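Annotated features, as they stand in TrEMBL:
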DISULFID  Cys14-Cys44  disulfide bond
DISULFID  Cys24-Cys34  disulfide bond
REGION    62-83  region 'Disordered'
Amino acid sequence: MASGWGITGNKGRCYDFWMDFSECMSRCREPKDCALLREDYLECLHHSKEFQRRNRIYKEEQRKLRAAKQKAGGGDGGETHHH
């Protein structure tokens, strides 16, 4: 991950944050001088994980809805819709 290349072969989404933080760490007198950049980088990483988790949950809910419709014989009257 720290190489900056994502799994698709493109530049990682958080690569720029990493570079800013890394550059700061190489120049600073104390690591705490780069605390905000480190926070930005970690926030970037965290949000990608949060998004992936939400996406998995959404897909699982959709799968359950489809399974319930099939079980009910194709969904008679739309009672399985939860909006």
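Cβ atoms are placed via backbone N, Cα and C, with glycine included.
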Practice problem: List the Cα distance (Å, whole number) between Cys24 (disulfide bond) and Cys14 (disulfide bond). | Solution: 16
Quiz prompt | Site with most surrounding Cβ atoms, counting all protein chains shown within 10 Å, from the disulfide-bonded residues Cys14, Cys24, Cys34, Cys44 | solution = Cys14
Quiz prompt | Inter-residue Cα distance where the pair is Cys34 (disulfide bond) and Cys14 (disulfide bond), in Å | solution = 16
